[in-house]
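Working notes, beginning with the structure itself.
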Amino acid sequence: MFRTIGLAKPSNILSRITSVPCLFNRTAYQSKSSIRSAHNFSPPNPNPWRFSPGGHPVQSNGTAITIWTLAAVGTIYTTAAVIENVNLEKETPKVISVFTRNQENTYDVRRKVHEMKYPPGVLYSPTRWPTVNQLGSLDGRLEFWRKLLPSEQVTYALMSMNAAVHALGTLAPAFWSNVFMHTPGSNKNFTLLTCVFGHGSFIHLGFNMYGLHSFMPTLGQDPTFNSSIAHITAFYLSTGVISSWVQAISAGLRPNSYPIPFLGASGALFALVGAFALQHPDAKFQIMFIPYSFAAQELLGAMMLFDLLGVFGAFKSIRLGHAAHLSGAILGSGYVYFGGEKRIWQPLCRGVYKRFGMSKWEKKV
């Protein structure tokens, strides 16, 4: 278990100090019905994690899932860019909106207004939780929600969605297994996204949500995301889809391997860790029972090395989604290092506003 000592070089106001976990397990799970089926048959290959009674190896469908992944990521980011423009329009005073509508620099002007409210590089302390009495009333909950920082709102919304999906597994296990687990080689490409919200156990869910709560509120305030709800959400979902795709592709590269369903938010969480380490390289972490602190970049490097070895079969007794973890960390660190905010997000938002003719219909949204 990890806990944060603090940021060695804090930003302008107050840096968030929070606990950081290390066990972001993207463990491969099966539905109870699948496990029972495996126990009722005696296949030639005594692999207890065999998904189907027939024991067929993973069938390669790399082209199909690659096309679907590209389409999904493009759709996620384009939709988020539309939402970003709508949100910025609502934040901008009407006087400014009158003079900037239909202008080439509309997005940039509105973004400057947003930055006046949420200065880039300034980290605020976490919002204090209200009393039980306040949470007991609708008005109290709404007031608390309005006080939350944008990155905190995204964090709690995602945590609630993950918890709701996990609860659904108890109420409708068959439906849950078909929708929130991805099986390599299957023709259900949409599960590359939905499996990001599925977790195999309460412990699995707890560790991942603990990690989400540890990193996203701070990362969402950093210059790369600048308190943009749409941007951090698009990044989280897209890295989750891509890491799922990498995990599925890696399964198809193993000859005579059997399809093992997988699920979990770990790929997206490792992307958050990678982005965090690039923006706070001197943040200090300490592993329980080890009297030595690690810098964020050292920790990221150790995690990536562990998963790189795991990809090549170094830890066969540990069932983790090493390919998803490694790809997530690379995506997160690469997004920050290569300036994803300036090279991808800002041009996309400008292009969406202009090409979609948003000035004509944004008032109606």
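Start at 1 and count along the chain as shown; that gives each residue its number.
Cβ atoms are placed via backbone N, Cα and C, with glycine included.
Pulled from TrEMBL, these are the features on record:
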- 190-338: domain 'Peptidase S54 rhomboid' (DOMAIN)
- 154-177: transmembrane segment (TRANSMEM)
- 189-207: transmembrane segment (TRANSMEM)
- 228-246: transmembrane segment (TRANSMEM)
- 258-278: transmembrane segment (TRANSMEM)
- 290-314: transmembrane segment (TRANSMEM)
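Across all of the domain 'Peptidase S54 rhomboid' (190-338), the predicted model scores a mean pLDDT of 88.
Shown for the domain 'Peptidase S54 rhomboid' (190-338): DSSP residue counts in helix, strand and coil, namely 95 helix, 8 strand, 46 coil.
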